[in-house]
Amino acid sequence: MNKANPKNIPPLAPKKVFIKTYGCQMNVYDSQRMTDSLSSKGYVATQTPNDADLILVNTCHIREKAAEKLYSDLGRLRVMRQERTPDKPLMVGVTGCVAQAEGSEILRRAPIVDLVIGPQMYHRLPDLLEQTKQGKKIVATEYAVEDKFAHLPPHNKRAVRKRGVSAFLTVQEGCDKFCTFCVVPYTRGAEISRSVEQITEEARQLIEAGVKEITLLGQNVNGWHGQNVNGKTWRLGDLLYHLAKLDGLKRLRYTTSHPRDMDDSLIAAHRDLDILMPYLHLPVQSGSDRILKAMNRQHKSIHYLQLIEKIRNARPDIAFSGDFIVGFPGETDEDFEETIKLIKQVEYSSAYSFKYSPRPGTVGATMKNHVEEAVKDARLQHLQVLLLEQQNAFLRSKIGQTTDVLIEKAGRHSGQMVGRSPWLLPVVVDTQASTGTVIPIHIKNTSSNSFVGEMTNM
């Protein structure tokens, strides 16, 4: 009998993973890094859940009904699994902040789930998956002793190239501020800062894969601190000066910041570094000192306004975005008017605004004098009308200007490309320029939350 020729055996098809990501930019980063770590087990990313062998739901716990949204997704996945044939099994995992908060309750309510992994454990995902293949149900929500970032594999260059020329890089995680409305200290843990060496190496990997713009991430990113090779303590401003020297990198950003940690070295970086884009997301949440105190924000509105002025003096072309919560317990009409007053003074380019919703486990959830939903709705509508007016005014203010735009991807129409302005907003332009190039574009009009540009005569 002839022996089979191994060369004629078709290679095994790669396993596919689909990750549904909710929430912040850090969750996007986490999903990308989970995909990279799973490549060691033969997984490749897919954009459609129907052909996936593994589906992960990477969750966010910031807003109300986050858990309910998860269980709705899991209900649909239960039907999908039932429809699978025996030769196409489906594994289901839940990751992220709802996983951290709910833990084993997820397995109780949704037996379809094979594993539950908190944000500090996703570096163990490949090994935990192997355990589920033995029929085990896994709940891994403890805070790992080891540095999870040190155990992640290098970036997959092919995957990075597919994602585009802009990338996220987590430099700090967790929060020690304990704002009374926020679950982050409970789901992400205490503040940790990655080392300068780790950050530099990951930035180099991204640049080698074609990335031109890096956004440094952290729940409290300007709380980052580390040591340089000489043992000197660095803050975020020092790190930005350091990364700005990397060959091939064209742009830097960072988010999200706390007003308390905006120090002089960071403001100086905005003044000195052209590579640092003139855009800053600086949440304030309320303009009322009484509400800021109740939120444990640890600053007053005047301090925030003075900080805005100081940063604008350092970088006159900077655009600010913010976060606002209306209807925090005890908020009066007068408190809300203080918020409106602050918004008018700052003049934001964009902002995120929400109705307060009590998050289990936070101090805010135990407070009295909750605001009626109808009042919250009215205040939110009022606030959003003002913010939209400011956003449109900012867009119009750039008409007629020429600005450098990073070309990111093809547009909807033939010959059209979409780029990123220095102020983060997209720019649509007819051009043959390649992705990754930075070119001067004349802003001739605006669209919904974006600019319409044209090539200049260089």
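Every residue gets a Cβ built from N, Cα and C, even glycine.
Copied over from Swiss-Prot, here are the features:
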BINDING   Cys24, Cys60, Cys97  [4Fe-4S] cluster 1 binding site
BINDING   Cys175, Cys179, Cys182  [4Fe-4S] cluster 2 binding site
DOMAIN    15-134  domain 'MTTase N-terminal'
DOMAIN    161-393  domain 'Radical SAM core'
DOMAIN    396-457  domain 'TRAM'
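Feature map: annotations from Swiss-Prot on the structure.
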| residue | record | CB count, 10 Å |
| --- | --- | --- |
| Cys24 | [4Fe-4S] cluster 1 binding site | 19 |
| Cys60 | [4Fe-4S] cluster 1 binding site | 19 |
| Cys97 | [4Fe-4S] cluster 1 binding site | 25 |
| Cys175 | [4Fe-4S] cluster 2 binding site | 23 |
| Cys179 | [4Fe-4S] cluster 2 binding site | 21 |
| Cys182 | [4Fe-4S] cluster 2 binding site | 22 |
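The average pLDDT for the domain 'MTTase N-terminal' (15-134) in the predicted structure is 90. Across the range of the domain 'MTTase N-terminal' (15-134), the DSSP-based residue counts are 61 helix, 25 strand, 34 coil. For Cys182 ([4Fe-4S] cluster 2 binding site) paired with Cys97 ([4Fe-4S] cluster 1 binding site), the C-alpha to C-alpha distance reads 12 Å.
Counting only the Cα atoms, the space from Cys175 ([4Fe-4S] cluster 2 binding site) to Cys97 ([4Fe-4S] cluster 1 binding site) is about 13 angstrom.
Annotated pair Cys24 ([4Fe-4S] cluster 1 binding site) and Cys179 ([4Fe-4S] cluster 2 binding site), C-alpha to C-alpha distance, rounded: 18 Å. Residue pair Cys179 ([4Fe-4S] cluster 2 binding site) / Cys97 ([4Fe-4S] cluster 1 binding site) shows a Cα separation of 17 Å.
Taking the centre of the Cβ atoms of Cys175, Cys179, Cys182 as the [4Fe-4S] cluster 2 site, the nearby residues of that chain (Cβ within 8 Å, site residues left out) are Lys177, Phe178, Phe181, Val183, Val184, Pro185, Gln219.
Report note: the [4Fe-4S] cluster 1 site is defined by Cys24, Cys60, Cys97, and the residues of the same chain whose CB lies within 8 Å of the CB centroid of those residues, excluding them, are Tyr22, Gly23, Met26, Asn27, Thr59, His61, Ile62, Ala66, Gly96, Thr187.
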